[in-house]
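To keep things clear, I will list the structure first and then write my remarks on it.
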Amino acid sequence: MAVYFVTGKLGSGKTLVSVGKIQDKIVAGCKIATNLDLRLQNLPQVGRFAKTPRVLRIPDKPSISDLLAIGRGNDSYDENKNGLLVLDECGTWFNTRSWNDKERQPIIDWFLHARKLGWDIIFLVQDLSIVDKQARSALAEHVVYCRRLDRITLPFVGTLYSLVTGSKMPLPKLHVGVVKYGDSQLSPTVERWLYTGKNLYNAYDTKQAFSSNYDSGVYSYLTPYLSHGRYFKPLNLGQKMKLTKIYLKKFSRVLCLAIGFASAFTYSYITQPKPEVKKVVSQTYDFDKFTIDSSQRLNLSYRYVFKDSKGKLINSDDLQKQGYSITYIDLCTVSIKKGNSNEIVKCN
């Protein structure tokens, strides 16, 4: 079983990375229980047509009866199939006063024995220091420190950008959760959770307020198919054209830039002069009247200069380019072959 304390300042992405882990567990077919208000149909990897997610909504501050009601998270011995329990605003549960509260003791005991019930747990707190030391020692197997990369200023480049534009250099909204094995920042890093903000913002209520007077008990979310998918109607041609116009208007600048680059590349490719290919014209020769005018030997290679009946000199390299095969016999005798023709040429 894995227990995570996810920490970070306000807006650092604690809930977002936790919803990302919920999505991963749903895709793996695992059971989920949480006090977060989720919109399952907006999870990118789940979608509105999913029929199998098993997600339970528990009260904002669950009692022991609520935790007992969610049952087992995994009936097998394979811990990769463990269910995931995600609880936000846990700072009020694990401070020194609450840790020794007799009414909260059964809940704490349940957390200590959650492994036997097949549950992985994610606790969300703003800072680990507000958690009682005994609770940290007993439960904080992993501690996750959340950071938002768009709030970080790049050295030199960010300063130069601010001087030129007068504003902070925009960076992608990437949320990073650094997972430490232990409750110290010096503990070894075991993994990093990386999630982009935009595709998960609509999957949960970012303005959810937690209350001790939550009036509903434990209930199960409807699957996305039952709540949204079965009511989906395919778009007709007019609606598709309307969406096309909207997206073309939205991405018109990028599209025009891409078309400009493509047009310039195509024009340069078409108008580029093609290299001239030298064609070697094969001629026929009367090798009966050829004689070897000179010969040259360099290591294992030979070169000959032939003379025809008119006194014209032709070297062996030109003949080979025209497809003739020249076989050395001796410095004064060669065999010239092409196709079925084979002639012996000697010195004069």
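Sequential numbering from 1, following the chain as shown.
The backbone N, Cα and C atoms fix where each Cβ goes, glycine too.
Features of the protein shown, as given by Swiss-Prot:
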TOPO_DOM  1-252  topological domain 'Cytoplasmic'
BINDING   Gly8, Lys9, Leu10, Gly11, Ser12, Gly13, Lys14, Thr15  ATP binding site
TRANSMEM  253-273  transmembrane segment
TOPO_DOM  274-348  topological domain 'Periplasmic'
Other CB atoms, at most 10 A from the CB of Thr15 (ATP binding site): 22
For the topological domain 'Periplasmic' (274-348), the number of residues DSSP places in helix, strand and coil: 9 helix, 37 strand, 29 coil
Lys9, Lys14 as binding-site residues, winner by CB count within 10 A: Lys14
Integer average pLDDT (0 to 100) for the topological domain 'Cytoplasmic' (1-252): 87
Near-site residues: ATP, ref Gly8, Lys9, Leu10, Gly11, Ser12, Gly13, Lys14, Thr15, CB cutoff 8 A to centroid: Leu16, Gln126, Cys146, Arg148
Long-range Cβ environment of Gly13 (ATP binding site), under 8 Å and at least 6 residues apart: Cys146, Arg147, Arg148, His175, Val176, Gly177, Tyr195, Gly197
Other C-beta atoms that fall within 10 angstroms of the C-beta of Ser12 (ATP binding site): 20
